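Participant: This is the feature table in TrEMBL:
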- 5-87: domain 'PTS EIIB type-1' (DOMAIN)
- Cys27: active site, phosphocysteine intermediate (ACT_SITE)
- 107-462: domain 'PTS EIIC type-1' (DOMAIN)
- 112-133: transmembrane segment (TRANSMEM)
- 145-164: transmembrane segment (TRANSMEM)
- 204-231: transmembrane segment (TRANSMEM)
- 243-267: transmembrane segment (TRANSMEM)
- 287-308: transmembrane segment (TRANSMEM)
- 329-348: transmembrane segment (TRANSMEM)
- 354-374: transmembrane segment (TRANSMEM)
- 386-413: transmembrane segment (TRANSMEM)
- 425-446: transmembrane segment (TRANSMEM)
- 500-604: domain 'PTS EIIA type-1' (DOMAIN)
Amino acid sequence: MSKHDELAKFIVTNVGGEANIRDLYHCMTRLRFTLKDKQKANKQALENSDGVISVIESGGQYQVVIGNHVSEVYDAIAGNYNLQVKSGNNEKEEISKEGNFISRAFTVMSSIFQPIVPALAGAGMLKAILVILTQLEWLDSASSTYAILAAAGNGVFYFLPLMLAFSASRTFKTQPIVSAAIMAALLEPNFTKLMENTGDISSFIHIPVVLMSYTTSIIPAILAIWLYSYLERFLKRVVPKSIELFMVPLVSLLIMVPLTAIVIGPLGVYTGKGIADGIEFLSTQSGLLTGAILGGGWTFLVMFGLHWGIAPAMINNLSLKGFDTIRPMMASATFAQSGVALGVFLKAKDKKLKAYALSSIFPSLFAGITEPIVYGLSVKLKRPMIAAVIGGTIGGAIAGHFQTTVLAYVFPAITTIPAFFTNTIAFYLISITISFVVTTVLTYILGFNEGNGATVAETGKTEPQKSETALQPESAQTVVTENVYAPINGEIVPLSQVPDPAFSTEAMGQGIAILPSEGKVYSPVSGVVSLVFRTGHAVAITSDNHLDLLIHVGLDTVKLKGNYFTKHVEQGQRIERGDLLLEFDIPKIQAAGYDLTTPIIVTNSTAYQKVTQTQQKSVDLQSVLLTIH
């Protein structure tokens, strides 16, 4: 099992198990879960794991921040678990009502734009490169080469409504191809030709239609598919199953295409224009203040996973005006976080902290990924966050004051600087440089509390502190002592005397065995049920301190195929010490010829310094069976 598979299993277990996951997707650094019951998740266990940077509950989502390896962990989860969303109206309604209106709106925008962002970023960079090449006269804008490359860059934006409709269908749980077909109708040549023939006004069965271009539009597609989701659910309830396959799409197209052209489309276009004009007004009235707020506050949007909700405004600006002023202002926050990482690297004494800071610098500088720094350094070390806010505020104010612009939807990074090559490029470079330098210097001067209980301040010397707020060393769990209580009443059997080499040789881990006197198994620790065998003869538990235990009732009892065993827990269930896990019929199992010796194994015992066994000959539920050091 790879490290990503292990982390995937750990995460699924601690979000309440596979059965508790309604939906899952990922962005550049986070696994974004929609859980049926958030109370079943173990946030503390997740945040204490080396593979998890932080856990955030925002916008109705349970966000597990992984960092640069999020796609590998997501693939491991998808490959080992069946996480397809169950169909059903009740479930969909429950999703749509989570959180307040603003929270839901940000969640919807985030989930719709996440799958499209890579294509937008790549196409945006290509458009920016073409601008530079033509300005330098290295490429003729009248050449066929330019035409092909321009098509590659423009295609994503021209057909953006189709892509948004397809992506929105996933969020609103509708048929994806029909969703795309609704918006495709508004880009179809016969529809667009109406503007050439009749001007801005046409009609549909004598109803006036305001004609406008829907290429690159955003809001019309989202509104249309949102309404279509309700129509589709209604049609599926009333249309006979025998003709549902063609009748539901037919009626949907007949209703949604005219409705979008007459009402939704114009409303969406005017709304988008209003948003763009509003942002431009704020920027024009006080670019200094607007930039300072965005530069200083952007990190907090990132912390709560709300930053993706601003993406439509940026893309809308690019679509309507060909440039955007929001991204340059918030870019200072990204480079400020890079400054945090460099400042921590230069100041820290702890080797692991220095290594973490160094590894975080490059993804932020060259890819614009800041979450590992935000959660792993700024939030945990606290003082660097102050430095980042100051640096980001100054840089954002400069960018806003000089009205810096960007030509494409890109993440702020060194590699994407070509997208900022406009007449304001000098001010953009000044703003991000000042943010980076100011934050680095302030992080170094202010100091921070390291994970070993020492504060590194201005003098560079260490001062003892009682609190621990920084990164925990990798071996932290080896110094944790945990008592494992007896899960069964009975007589002690040394593991070496168990007549099964898988247990007696400690191949599965250190532990002990019990010959039960009662047919009940209780939880020896508090934690989460990580696995319950289908046959009910064994159960695996992960404690709150990451201890992995296996309780295997009897030897070869899997061959009973579940007979004489009763399960009282499910995988992913939260349990407390003393909770009933399993029941089994001792007389019937013995009559069937099976040995009831029950091994209790610490399957990750190699992660600990020592496992001490009880010296008692017999134990009950109050007896300490194993002590973990």
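In case you wondered, yes, glycine gets a Cβ from its N, Cα and C as well.
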Participant: Within the same chain, where does the transmembrane segment (204-231) have neighbours whose Cβ lies under 8 angstroms from its own Cβ atoms, ignoring anything closer than 6 residues to its ends? I mean 6 or more beyond.
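Facilitator: Contacts of the transmembrane segment (204-231) (Cβ under 8 Å, skipping residues fewer than 6 from its ends): 108-109, 112, 157-162, 164-165, 168-169, 172-174, 178-179, 182-183, 186-187, 192, 194-195, 198, 252, 255-256, 258-262, 264-269, 271-272, 312, 315-316, 318-320.
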Participant: Could you give the residue numbers and ranges of same-chain residues that sit at least 6 residues beyond the transmembrane segment (386-413) on either side and whose C-beta is under 8 angstroms from one of its C-beta atoms?
Facilitator: 117, 120-121, 123-125, 127-128, 131, 283, 286-299, 311, 314-315, 318, 322-325, 327-337, 339-340, 343, 364-369, 378, 419-422, 424-425, 427-428, 430-432, 434-439, 442-443, 446
Participant: With helix taken as DSSP H, G or I, strand as E or B and everything else coil, how many residues of the domain 'PTS EIIB type-1' (5-87) land in each class?
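Facilitator: For the domain 'PTS EIIB type-1' (5-87), the helix, strand and coil counts are 32 helix, 22 strand, 29 coil.
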Participant: When the pLDDT values for the domain 'PTS EIIA type-1' (500-604) are averaged, what is the result?
Facilitator: 88
Participant: Using DSSP, break the domain 'PTS EIIA type-1' (500-604) down into helix, strand and coil residues and give each count.
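Facilitator: With helix first, then strand, then coil, the domain 'PTS EIIA type-1' (500-604) has 14 helix, 42 strand, 49 coil.
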